[in-house]
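Colleague: Shown below is the structure under consideration.
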Amino acid sequence: MASIGDGSERQRIAQQRLRVLAGHLRRLGAEERPGVAAQECRAGAGTTEPDDKPPCSVPKRRQDIMKWNGWGYADSKFFFNKKGQGEFTGKRYRLSGLILPSLKDWFEGTFGANLQHKSPAVPSLNTSAVAPPSLNEAFVEELKSTGIPFSHDTEDRVFRAHGHCLHEIFSLRDGRVGRCPDMVVWPNCHNDVVKIVELACKHSVCLIPYGGGTSVSSALECPPEETRSIVSLDTSQMNRILWIDEKNLTAHVEAGIIGQDLERLLNESGYCTGHEPDSMEFSSLGGWVATRASGMKKNIYGNIEDLVVHIKMVTPRGVIEKSCQGPRMSTGPDIHHFILGSEGTLGVVTEVTLKIRPIPEYQKYGSVVFPNFQQGVACLREVAKQRCAPASIRLMDNEQFQFGHALKPQVSSIFTSFLDGLKKFYITKFKGFDPHHLCVATLLFEGDREKVLQHEKLVYDIAAKFGGLAAGEDNGQRGYMLTFVIAYLRDLGMEYYVIGESFETSVPWDRVLDLCRNVKERIVRECKEKGVQFPPLSTCRVTQTYDAGACVYFYFAFNYRGLSDPVHVYEQVEHAAREEILANGGSLSHHHGVGKLRKEWMQETISSVGLGMLKSVKDYLDPNNIFGNRNLL
Amino acid sequence: MASKALYSHRDPVLKKRDDFEDILEERRNSSDLRYAFKCYTPVLYRGLTPCKAATLKSMVLQSEQLLHVINQVSAESGESTDVVKDEAAAILEEMAHRLQLRTIRFFAYTLSKAFKALYRSVCVNEEGIQRLQQAMQEHPVVLLPSHRSYMDFLMMSYILYTYDLSLPVIAAGMDFLGMKFVGEMLRMSGAFFIRRSFGGDQLYWAVFSEYVKTMLRKGYAPIEFFLEGTRSRTCKSLTPKLGLLNIVMEPFFKGEVFDVNLVPVSMSYERVLEESLYARELLGVPKPKESTSGLLKARKILSEDYGSMHVYFSPPVSVRSLAQGRINRSQFNLTPRHVAQKPSEETQAFVNDVAYRIVRLQQENMVVKPWVLVATLLLQSVEGMELTELMEQTSWLRDLARMFGAFLDWPDHTPCSMVVSSSISLHRNLACVSGSRISLVVEGPQGPETPEEALFNRAVSVLSCASYRNQVLHVFLRPALLAMALSNANSSRKEDIYSCFDFLRNVFSDEFILSPGASVQDFDEACHLLVKCGAVELLHQDVVMAESGRTVLSFLTLLLEPFLQGYQVVCRYLREEATENLTEKQFIPAVRSFAVKLHLSGSLKCYEVLSSDLQKNALNALIRLNVVRRVRTNEQVLFKVNKAAVNSVEDTLGGRIPTQKSILARL
Ligand SMILES: Cc1cc2nc3c(=O)[nH]c(=O)nc-3n(C[C@H](O)[C@H](O)[C@H](O)COP(=O)(O)OP(=O)(O)OC[C@H]3O[C@@H](n4cnc5c(N)ncnc54)[C@H](O)[C@@H]3O)c2cc1C
């Protein structure tokens, strides 16, 4: 479907490109499209809302369009209708309004869940359950005089008190809210941030930068032991592209811009960054930098650390940035690498110069079926060896492949039925493929039409050597869709006693298989030992390839009926799974970061000397721990 | 303490054990031929794609692990890699098994006949079999039987075949290959052959370990080997050897398998086929080279009654659970896994602890026959005793053994006297009743014998008998060490008694299975048992003998007396006769003739000091205690003796010098 054609005028490509993006993501809203805003922030202008600001897909009042106790847009969610069929509401996504007849069977079969057994969330946020803000009056007074907008409205605070870890969402659904930021500030530009940081230092206020709120490492959680007033610094209003440099193919962007807006705005000029983390609808540029994010298409565009050319960050010590935009420098350790992955502990990233690329002319999905996971991994390894990985290549295990089927819509012109196709195939081609072992790789190619087609052939030829058979574009596309709706699916599960989460790692090639098997088995075993009554879903995919290894992504979910403290059990199992990952040569994290969730393993991960290095940087930049979210160290 | 987790203190009596089924019963009632040709469809390891023995070989030869070593060897020796590869292939050829069902069926038939002739029953705990079957599906399984007889591995395969379980591949010593035909038969029934020593041969080691690991990783078949390394000639468990255990655990350490199940198997014989052969061997008659004709001669064995045999499959022990908190598996993260790494100290200690734990599990589930108790008592009155007295004492000992947790096979509802006399009749080659007295049988030549010959013949009887007593030693060992410490220490303070206990334990740690580092637990266990049977009382900081404890304590001290005396004689030899240039080869004959001299002069009554096993163990203990030093010169190994130190060890053993205080906070 994704053919764009040969036309070369930028505008037309851009239009097409938008449709492509909308294709695997959502339907575009009717809102007007903002342009590039190439002007300086009017420092101290005293207006709360510069009138030349492009509208942002996520408003300041997040509660207006987003769920307070779940993932994403309030109007989009899965539910089981009266007939017991799965359905996805809203109008934003390709699945929106469609009926998913196989979802129920898969759901009940996989988890031993039952649509009769519901575990509904409390209907709305009980604001009286939230502790009143403890404000630092002097700070508030001085802040007022700067004209930077702020709020201590309860909903505003609760929205910025969490990310999307299971325990965070589970508590919210239960109506429990822990320590919240005492107020939220919305700087409009770099200079606003400088002022806020100065005031915070002056009045001893704790600052926690907030980007898109998609953290899955407890990074946004307020440390309960914090006694100072906590201010959430919401970067969402710093969302302009300040300039585009077509000669050097770079764009200078404010760090609060969220992924979908950044792509949309660049697309209008015929460009893209190509950085597409699965959370790109909501996560922000600053968040990516702060967590060392990774995008689906990193094989062409690189991860965030490959994309940044220049970073500006405001710290309690002052502003840190490099003096030029040279593409590579030998000037001692790269200071960008203190910033990348700093997780809001050192300061606020305010502006970033990023590499941009012309929008690719042509895009094509694909998929390959392998007789088993082992063969699939061998194929991906070969692809990596030959350095011919497509924009994205992901290998799903058998469970995930079946999971994908559960999302097959009833009537669909876009989705041909994989299973039906498979049955047909099965007789003719797949003979000897065991449906309980086969697994599927999904592919996304991008570039010149000609080259894409050549590239495609090359990859399919390699796949054939490992027993892989091409299985069509639709299956590929559906695989990618799955990763965009998975967070919505978790909300559905939680309505029926099913909780789950994903986690990831990176690991050398030779250990991929062993790690996948051992971690999945460890999960199953730990669940049993911890008294989980039903076998869990424990599945993985190899989601990125590198020269020397791969990124592996796990989904883990189980039915918690009969458990008195399901979240605790969940956390114990996840902990054990992480131990298993580390024991099998996997890393602490490939892209989700450390936050507070994985902090306990930092020392063994980077050695105590390494930890000391990071601490001394923290001590220098932020001796009073103004950026006191206590992540990482 | 590191081993705390592995040896939690518990009352051995509370152990629950499974019931037995006699597998020969069905054999006696149905066709052996049909049995040999029965449909055999074992459940397999869930991850297994079955492959042929030949495929297995090529997998090993192409493995990264082996290729790495081949390249290394080639670089070091200057030989081309092809030459080294050929060498590796030849090693593998010599080593590899060629397991095939046909041969198994042949054995199933012939062994059925043989076992029925030899044994009254072969009893197996079926619950153990069920657990094993479950375990085999889940994770690679390593079978670890005790080793008392050549029969052991034939019997293991026979049982697994009977229960439709996957047949094991078995690590066997190369000496079998001496018997051409038998060797190849064993090979085809799953045995693979390892040279007894290949010290520095890197290539051999690589082929061997990769061969075993490949089978394990794939779950090709259960892997069976003997932790004790060789058949125990004394029927005491031997100190475990760690080489193979290391190899089978490594795939778990390196994450190549999720877990490995270790299954201890206790094989107890009422009469071991090799009984008197062993005694002669220990006394220095060279072991007959394993030869086919030798084994065929064994045919006459078939006419004898070897009583019953018990095989107990213990619950699988998960290496993963044992390693939890003890092994940091990420230590292997920084080197490619195909590059062999010397195991860290942490790992070595762990493997060693596991090995001891397994041997102790083997011991715990060894079945003790009434005759073992009879033999134990007879040895304490070598000159013979009144039958009635024996009956009385046996019944007393039975109760004591039970109280200490022995796994006794004592028939219900049968008077003790009947039990005793029927075991005497089964062992009439060892004990005879004349009139109202019972005594050891001493076989002698028809004509006159020299004093040496007489001594030798007597020693054969004593050592044969001792091989039965040894089967119950593990039950009494810890309390006996304590009893001995009580009589040696000139004090009743717990601290002093413990240090005496600890010393004895240390001295005897080659002789008996005493897990390293578990001294405190052992002491606690010993105290617990002796208090329980009313032999001692614990008063504040003191351990005192109870009035009623005399019998138990003297029995226990007498039980270890031969070892104590034996070690003292070895010390005395070293002190009085050892020259500056005592070589390794001279040691055993020299000690033996020293002991013979003492015997003939009438100053020594103990026969067990004539056993080369005891002599070696004593020497090893002295080396461990730094009293004797091993010095390797060009061609030979010399022992350098510190005579003053030997003297003090000897005195301490005799209780003449109190052991040095070792203050332990825990006490
Ligand atoms: C469904 C889902 C899919 C995901 N998929 C991906 C994926 O494909 N790839 C990937 O890399 N991650 C993924 N994530 C994780 C998450 O989206 C990333 O960590 C993302 O980079 C966080 O960005 P954010 O703007 O939401 O940051 P937030 O969640 O708001 O904050 C994350 C951390 O960064 C700090 N921070 C935020 N902005 C700034 C700033 N401007 N300056 C300094 N510190 C700041 C915060 O204090 C916090 O510690 C996913 C998460 C979810 C829930």
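The backbone N, Cα and C atoms fix where each Cβ goes, and this holds for glycine too.
Here TrEMBL flags A:TYR553 as active site, proton donor/acceptor. As annotated by TrEMBL, FAD binding site applies to A:209-215, A:291-294, A:343-349. Marked as substrate binding site by TrEMBL: A:ARG490. Per TrEMBL, the feature domain 'FAD-binding PCMH-type' maps to A:177-359. According to TrEMBL, the feature region 'Disordered' maps to A:32-59. As annotated by TrEMBL, site 'Important for enzyme activity' applies to A:ARG394.
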Colleague: According to DSSP, which of helix, strand or coil covers A:TYR553 (active site, proton donor/acceptor)?
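Modeller: A:TYR553 (active site, proton donor/acceptor) sits in a strand per DSSP.
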Colleague: Can you list which of these recorded positions (A:PRO209, A:GLY212, A:GLY344, A:ARG394) have a Cβ closer than 6 Å to ligand 1?
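Modeller: Only A:PRO209, A:GLY212, A:GLY344 meet the Cβ criterion.
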Colleague: Let me know the most crowded of the recorded positions, choosing from A:ARG394, A:ARG490 and counting other Cβ atoms within 10 Å.
Modeller: A:ARG394
Colleague: Across the domain 'FAD-binding PCMH-type' (A:177-359), what does the pLDDT come to on average, as a whole number?
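Modeller: A mean pLDDT of 97 is what the predicted model shows over the domain 'FAD-binding PCMH-type' (A:177-359).
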Colleague: Looking at Cβ-Cβ distances, which residues of the chain lie under 8 angstroms from A:PRO209 (FAD binding site) while being 6 or more apart from it?
Modeller: A:LEU233, A:THR235, A:GLY286, A:ALA290, A:GLY344, A:VAL348, A:VAL349, A:PHE627
Colleague: Tell me which of the recorded positions A:ARG394, A:ARG490, A:TYR553 ends up closest to A:ALA293 (FAD binding site) in space, Cα to Cα.
Modeller: A:TYR553
Colleague: Check the DSSP secondary structure of A:ARG490 (substrate binding site), expressed as helix, strand or coil.
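Modeller: The residue in question, A:ARG490 (substrate binding site), is helix (DSSP, three-state).
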Colleague: Using the alpha carbons only, what distance in Å do you get between A:SER215 (FAD binding site) and A:ARG490 (substrate binding site) once rounded?
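Modeller: The separation of the Cα atoms works out to 16 Å.
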Colleague: Taking only the Cα atoms, work out how far A:TYR553 (active site, proton donor/acceptor) lies from A:GLY347 (FAD binding site), in Å, as a whole number.
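Modeller: Rounded to a whole number, the Cα-Cα distance is 30 Å.
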Colleague: Considering Cα atoms only, can you say which of A:GLY212, A:GLY347, A:ARG394 is the nearest neighbour of A:ARG490 (substrate binding site) among these recorded positions?
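Modeller: Closest candidate to A:ARG490 (substrate binding site), judged by Cα separation, is A:GLY212.
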Colleague: Output, ordered by sequence, the same-chain residues six or more apart from A:GLY212 (FAD binding site) with a CB under 8 Å from its CB, or 'none'.
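Modeller: Set apart from A:GLY212 (FAD binding site) by at least 6 residues yet with Cβ under 8 Å, we have A:VAL58, A:SER236, A:ILE258, A:GLY259, A:SER279, A:PHE282, A:SER283, A:SER284, A:GLY287.
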Colleague: Would you count the other CB atoms within 10 A of the CB of A:GLY347 (FAD binding site), including those on all shown protein chains?
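Modeller: A:GLY347 (FAD binding site) is surrounded by 26 other Cβ atoms within 10 Å.
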